[in-house]
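As written in TrEMBL, here are the features:
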type: REGION; residues: 1-71; note: region 'Disordered'
type: COMPBIAS; residues: 1-10; note: compositional bias 'Basic and acidic residues'
type: COMPBIAS; residues: 16-29; note: compositional bias 'Polar residues'
type: COMPBIAS; residues: 39-55; note: compositional bias 'Polar residues'
type: COMPBIAS; residues: 56-68; note: compositional bias 'Basic and acidic residues'
type: DOMAIN; residues: 188-488; note: domain 'Calpain catalytic'
type: ACT_SITE; residues: Cys243; note: active site
type: ACT_SITE; residues: His401; note: active site
type: ACT_SITE; residues: Asn429; note: active site
type: DOMAIN; residues: 750-785; note: domain 'EF-hand'
Amino acid sequence: MMSEQRHQSRAEFQFHSANSHTSAVSSNGKTTVKTTTTRSSNNGDGLPKTATTTETRVRNGATDHDDVTADPFGASSLSPFDAEYARLATQFFQRFAAQSSVLRSGCLFSSCHKVRSSPKGADIVDGGPTSTANSAEPILKKVHALTQQSAPRPVPFGHVGGSSRRGYTVAAKTFAELRADCLQRGVLFEDSDFPAVSSSVFHTQRFMRQFEWKRPHQITPNPKLIVDGAKRFDMVQGELGDCWLVAAAADLTLNAGLLAKVVPHDQGFTQAEKYCGIFHFQLWRHGQWIDVVVDDRLPTYQGKLMFLHSPDNSEFWSALLEKAYAKVNGSYENLKGGTASEAMEDFTGGLSEFYELNKAPTNLFSLMEKSFQLGAMMSCSIEATAAQLESKLPNGLVMGHAYSITEVKMLDVMTPNKAGKIPCIRLRNPWGASEWKGAFSDGSKEWSFVPENVKKQLDVSFKEDGEFWMSFPDVLTHFDKLEICNLGPETMVSADMSFVRRHKVTWESNVFSGAWTRGVSAGGCRNFLDTFHLNPQYHITLRETDGADGLASCIVALMQKDRRKLKTQGLDLLTVGFAIYTLPPKAPTPLNKDFFRYNASVARSPAFVNSRQVTTRFRLPPGDYCIIPSTFEPNEEADFLLRLYSEVRIDMKEHDNGPAQVLAQTIKEVAPLLPVDRQQRDEVINLFEKIAGANQEIDANDLGVILSKGLKTHFNFKGFSPEIVRSMVTMSDIDFSGRLGLEEFTSLWATIKKWKDTFASYDKTKDGKIKMQHMREAMESAGYLVNNHVLRVIALRYGQTDQTIYFEDFVLCIVRLQRMISIFQSKDEMNLKSAIFSFDDWMLNTMYT
């Protein structure tokens, strides 16, 4: 039976691969530069046991140079200017900027936001004749950078992207506010979140050549953001292995609406465009669009841009867009190696799908044609080993390199014998050179059979610009991977959608953010049965069908957050995937280990892969399901975004307990309690009466003495700390007296005894601590239900670095949990899961907790 299940699993996996439902398999062997390993093992549910892990991701790019200089400027700041120079400079700026003059050689450089010094000799240009600027050089050469410290303050997410370790920070001001501030003060913007220092370029390597940060006005006398409209030819890959980003940017130019969103046109280099060295771009990050602000200082070598640039030296939109993308990802170096679909998603917020061209569906060209008409962005590449990376083949194509697909068309062909149509693809090499040499290449004989009006309509030209045409059969023969980024689920076209009714244009969508935390919710894949149930769980309900086949389409996309950004800390992509289970009516919440022991998944991602996103399309019957996203190995930590789309109504929620709940039966015994020692109980009560004296009340110090003597014989317990004892008093002290009477004490003693017995039943090694992965079960046995979010906080606050928790911390955690629940319930008399506290109430209760 097991062998049959394995065979069935393999067949299902091949079906998904052939249809290439997921863009996340982009690292699956096809485009890796080092060893790709496929793990096969029994994961116990009769479905694929494959996990693809790649030691090194694709380094798509022209020349992945590793030579970087640590500090190209020598000194990182300038000496202070004197007041006279500052006064002269300010007068000069006000006088000539109003006349659209060109200011050269060391004008005012200060930040609007956390100012840093700028390189000597930096220029600004505000339009106008250069002769005026030259006449000012004797004065301006004496002026250094204005500096002014103003620490940024955090604000809620949503305004201006920065570069914190979590992927971006949020500036204290919007782009418009920052620009207005700079214009009012007559200064050029300097971005303190992404400063003009070498670590913003390369953080792990050294560059053999000296590079220099320059503003566009220092590179060319008349810079422009966009020259004669943004075109796919506006970018040439520089000395950075980010051809995947360049390919996506080229595709972006094919959609004017999207381009205007990503590259807002409310900015430029002239006075009329309110130039002050600040620009902004909008990128999609983890389910939200953010506005990313940068200054216009760009890394150059011998006066030329080092990285992405336009063939026109006066055009800078592509170079500045690359800088904004580098900012949210931590550095330029972090852009080395990737898949085009990653940048496509960040430019569109869309969903990507992946196709292995040697397993392409028969109607792939038709799918590409329809998707292209709906605005989809596409890219393709050729498999490469480490030794073959960026190798140029005799046919002109480059291995391990991302190509933009800029047109999908059936070309009219007329030969002397017959006329017909040939499926063709137009591609572009981000290098701006090195083109295909086969059929339909520039100037090839095949073009003589294409009517002139067709060639004119398609703007066919035979220039050495990196763009060329290929027949679709040649694309299938010479390329290995195709990535399609659909602008939204409503535009997705699929080979298996023939039953779907097309009258509906909107899709139901749900988006959840989550995290895998060691010892709490990082359970690994189904191979690890003991921990798999710890993973986050999501309950979905499909309400109806969307086609005659009685099924409904469901698109699941699992994205790792900020992994490219975290390269700065030596972290890389994890191997991730997900499984979907049918959820029976009486299934436990959350699903436990026994459920996964006896139930197989009904659908899953084709493989566990080390790609930023795994996207898979399913057709499922209406019903209830549970999605389990996970890493392949347990105890791997990351934040993730789970997106779910369907053409029919779909409900989604976390399949977990509420934040915290006290069970009606205070203690649920999972193991026989330790025998009650009547003599010990009598001794404790006698000790209480002796210490309490005539008032028959004890304080925290007295309680500590009693508890230490009463529990000292168990698992080498050395007594509670004063803080825990005080917390116990607050939990049982109803009248805020700070003291306990005999009745309160005996109730507390019984509770602590039960907690001790519960803890002991999970303390398998009898060393006074339990594994954090058993914390949920232990707390439930002690009478408390909590969810993964609360468990994560508990692990951070009370757990040890080895994912264990000591008895003392276990008790303190439950004491505070009980106290916080009681405080909340006292204000939620109607059990609405909502309460209102006055500030006095809040301070009184929390300070005494």
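Start at 1 and count along the chain as shown; that gives each residue its number.
A Cβ is built for glycine as well, from the same backbone N, Cα and C atoms used for every other residue.
Annotated features, which come from TrEMBL, shown on the structure.
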residue: Cys243; record: active site; CB count, 10 Å: 31
residue: His401; record: active site; CB count, 10 Å: 29
residue: Asn429; record: active site; CB count, 10 Å: 27
Secondary structure tally of the domain 'EF-hand' (750-785) (DSSP, helix then strand then coil):
23 helix, 5 strand, 8 coil
Do you know offhand how many angstrom separate Cys243 (active site) and His401 (active site) by C-alpha?
7
Would you mind reading off the Cα separation of Asn429 (active site) from His401 (active site), to the nearest angstrom?
8
